[in-house]
Amino acid sequence: MAPQLLLCLILTFLWSLSEAESNVFLKSKVANRFLQRTKRANSLFEEFKAGNIERECIEERCSKEEAREAFEDNEKTETFWNVYVDGDQCSSNPCHYGGTCKDGIGSYTCTCLAGYEGKNCQYVLYQSCRVDNGNCWHFCKPVQNEIQCSCAESYLLGDDGYSCVAGGDFSCGRNIKARNKREASLPDFQTDFSDDYDAIDENNFVETPTNFSGLVPTVQSQNATLLKKSDNPSPDIRVVNGTDCKLGECPWQALLINDQGDGFCGGTILSPIYVLTAAHCINQTKYIRVVVGEIDISRKKTGRLLSVDKIYVHQKFVPSTYDYDIALIQMKTPIQFSENVVPACLPTADFANQVLMKQDFGIVSGFGRTRERGQTSNTLKVVTLPYVDRHTCMLSSNFPITQNMFCAGYNTLPQDACQGDSGGPHITAYRDTHFITGIISWGEGCAQTGKYGAYTKVSRFILWIKRIMRLKLPSTESSTGRL
C-alpha cells in the first residue's frame, strides 16, 4: 500500500510542474505580439518614410540636412538647429524693454520695439545723441549708457536736463524774435570744450594799421601759369534777392570799413572782443574799422564804430584757393551789447557737423551787391539758403572744394550771397538759438544757375577760434562812439 501512495504523490507533483510551465511560457505566435523589437534605420524602406525629428535627432545624433527632412521647413529647421547645436542663447532673456530674442549659433539677435536700440535694446532712443540730438536743446554728449546735455556760453541748463534758457539779457544767438519768447531762470551748466582741431600760434597775427600788399592773392594752375582774372573764384563774395533784415533780427552782423569809410566785407560778432571774418578780406585795405548794430549805412542811426587792435589770420590760409579762409579781429575796446548787437553762438564741432549742418537751411546776411556787377546795398539784406551735399557741391565747381569748405544755395532760384558780403555770417538756427556755421568765402558769380556759394566750414576751426579768444578777455573800457 505504501508504494502505491508514493507513486500517486510523484505523479501529482509532475502534473503541477507542467501546469506552471504552461502559465509562464506563451506560444511563439502569441509572444511575438507583445515582444516585437523596433528596428532602426537601414531597413529596406527606411529612406522612404516621412521624417521624424525624434527618430532623426533625439534618439541619435543627426545632421542639419536630416533635421530639414524632418521639419520640411527652412525657418523651423534654423530655429531648431540653433538650439540643437549649442543650446538656447535666448534662455536668459537678454533683450530689454520688450525686445524679441532670436537664437543663433554662439550668438543671438534682439529685435527692438520702437524707441529702443542697441544689441540688447538697452538704449532708449532719446538717450542717443544720434536721434534728435538726444532731445538736447544745444550740445549732446554720450556718457556711458546715457546722454549729457550742455548749453552754449551764457545759457543755463534746465532742471529737465535738456532745455537751455538764456541766462542774461543779451545771450548769444538770440535775436529780437527769440527774445520775445518767454524765458525762465535755470541752474548753472557746463560747456564742452573737447574739440581738437588746428593749433594757433600766439604770435601769428597781423596788427593794424598795416600794409597788406604782401597778401594780394594770386591764382595759379598746377603748371604755375597765372590764370586769367575771369577764371578766378570771386573773392568778394557774396546777398542776391534777399529781404531787409529788420533791426534786431541780425544782431551778430558786423561790417568792415576801409580808410575811406566804405564797407568792403562782413563779419560775425562772437564776443565783446572778437569778430570773425574771412582771411582774404584782410588784404583789401591798409586800415580796418568795424561797424556793429547798423542796418542802414546811409542813415547811420543805430551803428557803432570800433577800432581794431589785432587781426589773427589763419597760418595755413592759401590765397590761391581760399583754403583756411578764416580770421579773427580783436577790438581795442569791448563791444557793448544791446537788443541790436548780440553775438552769434559758437557751437561744438560735433553739434555743428551732426545737427546744425543737417538742417535744411542756413541764414546769410550782408551789405553786399544785390545782383552781380550791381551796386552794393545800403540796407542789411538777409536770405535763407539750403545746404548743398558735398558731392553736388564738388561737381558744380570749377575750383577745389576742400574739407574746410561747404556749399549752400539754390541750383536755379536766383538767391545767393554776392560781392561785398565776404567774411559775413552763415548762421543756422536750432531751437530758437542761432549758431555760426560758416563764413561767406567765394563763388563763381552771384546766383548763377548750377553754381553755389562756397563757405568756410567753421566746425573745422572751433578750437582755433577758442584758443585765440582766450588770449584776451573783455576789459571794462567802453566802446567808441556812434557813427
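Using the three backbone atoms N, Cα and C, a Cβ is placed for every residue, glycine included.
Per Swiss-Prot, active site, charge relay system is recorded for HIS280 (among others), and the stated evidence type is similarity to another entry.
All protein chains shown were included, and the count of other CB atoms within 10 Å of the CB of ASP325 (active site, charge relay system) stands at 30. Swiss-Prot lists ASP325 (among others) with the feature active site, charge relay system, giving similarity to another entry as the kind of evidence.
Among the features that Swiss-Prot reports, active site, charge relay system is placed at SER422 (among others), with the record citing similarity to another entry. Just so you know, the Cβ of SER422 (active site, charge relay system) picks up 31 other Cβ atoms within 10 Å once every protein chain is counted.
Confidence for the domain 'Peptidase S1' (239-470), expressed as mean pLDDT, is 89. The feature domain 'Peptidase S1' is assigned by Swiss-Prot to 239-470.
What Swiss-Prot lists as O-linked glycosylation site is SER92, and the listing cites similarity to another entry. The Cβ of SER92 (O-linked glycosylation site) has 9 neighbouring Cβ atoms from other residues within 10 Å, across all protein chains displayed.
Residues or ranges marked as 4-carboxyglutamate in Swiss-Prot (evidence: sequence analysis): GLU46 (among others).
According to Swiss-Prot, the 4-carboxyglutamate annotation covers GLU47 (among others), on the basis of sequence analysis.
Annotation source Swiss-Prot lists 4-carboxyglutamate at GLU54 (among others), citing sequence analysis.
Summarising the annotation, Swiss-Prot assigns 4-carboxyglutamate to GLU56 (among others).
Under the heading 4-carboxyglutamate, Swiss-Prot lists GLU59 (among others).
Sequence annotations record features per position, and here Swiss-Prot assigns 4-carboxyglutamate to GLU60 (among others).
What Swiss-Prot lists as 4-carboxyglutamate is GLU65 (among others), and the listing cites sequence analysis. GLU65 (4-carboxyglutamate) falls within a helical segment according to DSSP. Its own atom aside, the Cβ of GLU65 (4-carboxyglutamate) has 10 Cβ atoms within 10 angstroms in the protein chains shown.
Look at Swiss-Prot and you will find GLU66 (among others) tagged as 4-carboxyglutamate.
The annotation 4-carboxyglutamate is assigned in Swiss-Prot to GLU69 (among others).
Summarising the annotation, Swiss-Prot assigns 4-carboxyglutamate to GLU72 (among others) and lists sequence analysis as the type of evidence. Mapped onto three states, the DSSP output places GLU72 (4-carboxyglutamate) in coil.
Sequence annotations record features per position, and here Swiss-Prot assigns 4-carboxyglutamate to GLU75 (among others) based on sequence analysis. There are 8 other Cβ atoms within 10 Å of the Cβ belonging to GLU75 (4-carboxyglutamate).
Take the Cα of GLU66 (4-carboxyglutamate) and measure to each of the recorded positions SER92, ASP103, HIS280, ASP325, SER422: the nearest one is ASP103. In sequence order, THR79, ASN82, VAL83, ASP88, GLN89, CYS90 make up the list of same-chain residues 6 or more apart from ASP103 ((3R)-3-hydroxyaspartate) whose Cβ falls under 8 Å from its Cβ.
The Cα of GLU72 (4-carboxyglutamate) lies closest to that of ASP325, out of the active-site residues HIS280, ASP325, SER422.
GLU69 (4-carboxyglutamate) is surrounded by 17 other CB atoms, counting those within 10 A of its CB over all protein chains shown. Of all the recorded positions listed here (GLU66, GLU72, HIS280), it is GLU72 whose C-beta has the fewest other C-beta atoms within 10 angstroms. Annotated pair GLU69 (4-carboxyglutamate) and ASP325 (active site, charge relay system), C-alpha to C-alpha distance, rounded: 70 Å.
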